[in-house]
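Novice: Have a look at this one before I ask anything.
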């Protein structure tokens, strides 16, 4: 599009430069095409979309991006926004003059256009993906020459970890995304921040659904994929089958004329690792990865948790700029001043450069894994940004979060409704919490419901116990250790606390609890038949039918149905079962017995009595 270049007050959000006639015609005729111009600012793009600048800024905030009316946007961000208005974004036919950004305007581009001279080569960020147990963490540990796998519970990496290694003088940052489908959100977020994806497939197995999920995440983000064919030391080798199947998903091997590198490795025996690292460096060289280490930092939150000594800590990966101790940062819906910073080896740092993973302390609230973080000018600006974000998401959060008002919950519990299992969930990190919430939401046992009343990061507190007691809830903790005083308090108040380090155990516990809540269903099962051959009248007792058991077994606890000429005369309980004068528990086929019924005396010879019992139907 052609924009009016005569805009004298671009610094003022109140003055909106007028678009050219060509742009006006695009709006008048609801044009579906917009030629991307890196000079276009937020207010200009908003006019093309036919919306106000405020609406566009709100949409950016919902994406976790802070902008003002005079800010430029990256093409991929514009394309994402344009989809909502059915507008196609195309490349310009000729190069545009680099725009002059206003001073102190935070940019959403990876590098500010007026700082291109400061661009420097940056290390690649590599995500290791694949199916559970195919060897992702083993590969990462082999590269780091450490052992972490044995410390993990259940054979699954519980959280995303980020680490930096050095090979031939070049640094490479690795992200290990958990392989189980429960961590789908975390894996998807991991794919968004990475430069290269290593897709691990075990050759003694096959391509799994999780393999394809990981593949699709990477392809959707247009990330180069390197396939690591792991466990080549195993006797069963399905390499050709795996290559053929992955080829159908546009991962044609180089040796077959494609562009996807397939590397045979044994992570356990550390075979093929150098080849993997060489290919990573080669791919990153082709990508020409660059960043500006002089500007304010921005990047992605990898994980967040509570530390006993530091309080709330978060793992950041810096994608651009320079993050320093003392910086004010916004991370999702949280903000704070960086008090301390350390690398994966707990070495204290004063700054972090592009592609570097660091653990920081100083945020006021727990951010979510995958949130964008960026440094801002001061705390006042950070507060304003976060306040606006929270205002925008308040309605959505209200729909997704369970009620926390105790009076409302108690009133809800008193009303008639389908049986529910109330749960209060506490976890060590935000990533674990999200994974558990997702899996709990999928639990289905009969028509019973799981009501997640509260879900939060941190250990179990006295408040949680009081809340669980009042709402009759099951209190579940994942990978946390409550204080002994808290456990004693729960015991005194008869509040059950379940603590696990393996997610599946929690899910199994919930399912078992739900099954125990199911109201049993019974069916009538015929136990025996008898023929009335004599009638005995006992004073003060009534008539006793002298019977011969023709079929099955008659029990003294059975129900009885008296039939005459195929007509049912009575249904009721056996009051007494006798043999001669003795009370007996049962009488088998071919034996005689006396039956006294509760509420029926009008027996006749040749009546048939059918006995039955109620049997619980297994779900």
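Heads up, the Cβ atoms here are built off N, Cα and C, so glycines get one too.
Small disclaimer: the values here were computed from a predicted structure and weren't measured.
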Novice: Examine the ranges 140-144, 145-149, 150-154, 155-159 and name the one recorded by Swiss-Prot as region 'G2'.
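Specialist: Here Swiss-Prot associates region 'G2' with the stretch 155-159.
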Novice: Checking feature assignment: region 'G4' per Swiss-Prot, candidates 230-233, 234-237, 238-241, 242-245. Which range matches?
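Specialist: Swiss-Prot lists region 'G4' for residues 230-233.
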Novice: Do you know which of 172-175, 176-179, 180-183, 184-187 Swiss-Prot annotates as region 'G3'?
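Specialist: That would be 176-179, per the region 'G3' entry in Swiss-Prot.
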Novice: Of the ranges 114-121, 122-129, 130-137, 162-169, which one does Swiss-Prot list as region 'G1'?
Specialist: 130-137
Novice: Work out the three-state DSSP category of residue 133 (GTP binding site).
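Specialist: SS state of residue 133 (GTP binding site) = coil.
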Novice: What same-chain residues lie close to the region 'G4' (230-233): Cβ under 8 Å, and 6 or more beyond its ends?
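Specialist: Same-chain residues near the region 'G4' (230-233) but 6 or more away: 134-135, 138-139, 200-205, 239, 264-269, 271-272.
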Novice: Over the region 'G4' (230-233), what does the predicted model average in pLDDT?
Specialist: 91
Novice: Taking DSSP states H, G and I as helix and E and B as strand, how many residues of the region 'G4' (230-233) are helix, strand and coil?
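Specialist: Across the region 'G4' (230-233), DSSP assigns the residues as follows: 0 helix, 1 strand, 3 coil.
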Novice: Suppose we draw a 10 Å sphere around the Cβ of residue 130 (GTP binding site). How many other Cβ atoms does it contain, all chains included?
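Specialist: There are 28 of them.
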Novice: On a simple 10 Å Cβ count over all chains shown, which one of the binding-site residues 133, 136, 232 is most densely packed?
Specialist: 136
